[in-house]
């Protein structure tokens, strides 16, 4: 038959992109490249405006009954140079009693790391994760965190995971003059009685040892900080609180959702009597625990150490440590 001209198979024939077919013949690739850069910048700007950044939710520090917003992509962590004198000589162990509040933890660690770094405070965040089957024991976890925090820290912050400081004037510095209650009653969004020392409390390690730490007898929610107030007084120490803070109850943001996280407020008869006594024997000297694991983590670029802690309970001393 008649010969046909050779042609490349259809799959190998180059095809012009549809968009380029609409462009003039002398169209340069550079305007197209510039347009792509412009679109990329616009998308980054939109992302920055639509996410939460490093700040908390709008509306101040009132108790919020919703989880925190989706955070922005992590920024480069702020880390002090070892020879940078403006960071000061002291190092804070941020002790965070914890159990199962992971959405709060994801917001807390990067927020507090950047908050303290902006204030040039050397710090190490310890997440004290109770993994046994006993009731939650905030005081014992803080005792364990104190004992496991190492010699490179010289003061502690007993810090709730659901409480974020909004006012950068709050002092997290070395509390040389005595225990410093950051979340003072006139600023905390929920608790306003005069002897309240919960939420966020700073102590030098020397002062914490003078109190023999906290009582290990408080299983379940509440009362352990009220007993610790009596220990502070018994050690001859004076609680100090912030001054010159004008943001009132909007000084902090409370992340806890009571509808989702029910507090363990069960009180059996023996516990009701014990919870108002001062524990003059127990504390740092008799906390019983085992570290199941120690893990270094980075949450959105912020470093922390998670201690998985198995507490032990003497049921003859505190039968209310179980849910039975």
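Using the three backbone atoms N, Cα and C, a Cβ is placed for every residue, glycine included.
Bear in mind that TrEMBL entries carry predicted annotations, made automatically and left uncurated.
On a predicted model such as this, the values are computed, not experimentally measured, just so you know.
In TrEMBL, the region 'Disordered' annotation falls on 57-83 of the listed ranges 3-29, 30-56, 57-83.
According to DSSP, the secondary structure content of the domain 'Galactosyltransferase N-terminal' (89-172) in residues is 28 helix, 23 strand, 33 coil.
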